[in-house]
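Per TrEMBL, the features are as follows:
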{"type": "MOTIF", "residues": "A:37-47", "note": "motif ''HIGH' region'"}
{"type": "BINDING", "residues": "A:38-40, A:44-50, A:Thr234, A:263-264, A:271-273", "note": "ATP binding site"}
{"type": "BINDING", "residues": "A:Asp70, A:Tyr215", "note": "L-glutamine binding site"}
{"type": "MOTIF", "residues": "A:270-274", "note": "motif ''KMSKS' region'"}
{"type": "DOMAIN", "residues": "A:460-536", "note": "domain 'tRNA synthetases class I (E and Q) anti-codon binding'"}
Amino acid sequence: MKIPTNSVSPSDFIRDIIGEDIKTNKYDGRVHTRFPPEPNGYLHIGHAKSICLNFGIAKEFGGLCNLRFDDTNPTKEQAEFVESIIGDIRWLGFDWEDRLFYASDYFDKLYEFAVQLIKKGKAYVDSLTPDEIREHRGTLTEPGRESPCRNRSVEENLDLFERMRAGEFEDGAYVLRAKIDMSSANLNMRDPVMYRILHATHHRTGDKWCIYPTYDFAHGQSDSIEGITHSICTLEFEDHRPLYDWFLDQLDIHHPRQIEFARLNLSRTILSKRKLRQLVEEGYVNGWDDPRMPTISGFRRRGYTPEAIRDFCERIGVAKNESTIDIALLEHYIRQDLNKRATRVMAVLRPLRLVIDNYPEDSVEELVAINNPEDAGMGTRKVPFSRVLYIERDDFREPPPKKWFRLAPGREARLKHAYIIKCERVVRDEKTGEVIELHCSYDPETKSGEAKAGRKVKGTLHWVSAAHAIDAEVRLYDHLFLKENPDDVGEGSDFRANLNLHSLETLTACKVESSLAGAKPGSRYQFFRLGYFCVDPDSSDGKLVFNRTVSLRDTWAKIEEALRNG
RNA sequence: UGGGGAGUCGUCCAACGGGCAGGACACAGGACUCUGGAUCCUGGUAUUGGGGUUCGAAUCCCUGCUCCCCAGCCA
């Protein structure tokens, strides 16, 4: 059976531009993109959008896509993040072959570029302090003032820059600046910093350097060096484009075309590395791969598939319009994918003991269960049935509400793959009144699959045989934030005020069918009538732990809510 | 009040040089169902305001309004 992918014909303004460039033979008809993460955190679903875009476009147009780490700031970057990013992109299903690069690969070249600009009189070493530089920059409405160092001689600049590199100065003592225009309306053109002194160990170059290029001085040239044709980035870099153009023009080197698009925003989700890091560091979640995190590794652990994430990224489109996607759309795609491929099993999350009084005491039947009604090729399995079972507490109500199809005193329901039963008697705890056991009768004529199983009942319940079931822990997840927009907070407060304190519910007394014994971490199932679940790596030989990836759509919950609201 | 961007159903995205505003999700109703799942029908709501040009404007012109980004030696 074919796994459906969403083949929306991918067309958007970026692909249109590239198609046009191919038609006019710009860049000799080549298409070469890149995904340029900074290794200062884990990748999230917003990065997935960019990854799918860059790798997707390259593939569609018969081009290439590089992976390049923009590692120009050793104080924030770590090898750990490089590893996780590489793993995440692979998991998403993309391949950069031998084209794994680092901006730090180009540090020598970038240094030469800087020297070139100094020699051209287009860059100078400034001894102003950070505060002074800020003051000289002017404001949004007022022009800046030129630094007194702006007219140093080329020789002096060369000497100072060399000594910066040699480690003669403290952090912050000097910077190298481009000499452009202090009165430009675009603040990025007001003599931006190209190099700063940072006595820090770099995750790749170690202590070779104590000066590092800024992103602005490294990014465009890195793209140029790699022969990138289309540099796709997010909207906030629109203002930087004239600066990148200026560097490329002054250096007279290959000139990629930069195209900006709107980054992804998701409702009830935060997609800012800084804030995600805060959630991790302040212990609101259990690490970057906590299944509640919108990181790729979080989604992976939660049970999402790469296919679902790719379909989602394709469907949301690409535009320059800032927008927020409804998280329900992402959930739709994981349900769609898992519906087609997940094995159905029975698991009872909140067990209620049920005794079938007229069923033979020591008898055990092996009933045939279909693994996936969406895919006959997935076959069948046997599930044991016996006199004492567990069903979901939620499947019994007394008194039954309107439109209730499940069990209630005197009511009938079908046990999936088994028999129709009738609720005859309810046992309650004398003190609390809590229902602790149900006594039922079964109709032997109604066995599933038998020719005369004929009779219809509205409700079908899942169950496990008490004697055969295995214990499991199940972790239920809800959105991390209560508000659609987590940043919607009052003065003096921040996104943490909108955190959902009940985003994780751990159930430790769950009972799952015996076929799940030995299930491997990462395996995905549909727990019948409940949702999609995935075995968590926390599982051990004797203890299964499941994460709920996403619940099934719950029509009854809607009906009940409608009833409540009259 | 400088510069750069953006405004189409509830939410996203379409409508390629003016020609019936379409799809997905969400929502509502129904059919079907041994998952209140899936599937299948059906339905509603949108062009930022105001002026023009035109037989005809989301699209062209003028003029407002709203929102986002920029004053890191972050990316």
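Every residue, even glycine, has its Cβ placed from backbone N, Cα and C.
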Problem set entry | Long-range environment of the motif ''HIGH' region' (A:37-47) - Cβ separation under 8 angstroms, sequence gap at least 6 | 69-71, 73, 76-79, 81-82, 84-85, 88-89, 203, 263-266, 269, 271, 273, 276-277, 288-289, 293-297, 299, 309, 330
For this session: Measuring Cα to Cα, tell me the gap between A:His47 (ATP binding site) and A:Asp70 (L-glutamine binding site) in whole angstrom.
Result: 14
For this session: Please tell me which one of the binding-site residues listed here (A:Asn40, A:Ile45, A:Thr234, A:Leu264) sits closest to A:Asp70 (L-glutamine binding site), measuring Cα to Cα?
Result: A:Asn40
Problem set entry | Alpha-carbon spacing, A:Ile45 (ATP binding site) to A:Tyr215 (L-glutamine binding site), which is rounded to whole Å | 23
Exercise. Do any residues at least six apart in sequence from A:Glu38 (ATP binding site), in the same chain, have a Cβ closer than 8 Å to its Cβ, and if so which, in order?
Worked result: A:Phe69, A:Asp70, A:Asp71, A:Asn73, A:Lys76, A:Glu77
Exercise. Which residues does A:Ser272 (ATP binding site) neighbour through Cβ under 8 Å, counting only same-chain ones at least six apart?
Worked result: none
For this session: Using C-alpha atoms only, work out the spacing between A:Lys49 (ATP binding site) and A:Tyr215 (L-glutamine binding site) and round it to an integer in Å.
Result: 22
Exercise. Per DSSP, what is the residue tally for the motif ''KMSKS' region' (A:270-274) in helix, strand and coil?
Worked result: 2 helix, 0 strand, 3 coil
For this session: Take the Cβ of A:His47 (ATP binding site) and count every other Cβ within 10 Å, whichever protein chain it belongs to.
Result: 23
Exercise. Which of A:Asn40, A:Thr234 (the binding-site residues) has the most other Cβ atoms within 10 Å?
Worked result: A:Asn40
Exercise. Quick one: what's DSSP say for A:Lys49 (ATP binding site), helix, strand or coil?
Worked result: helix
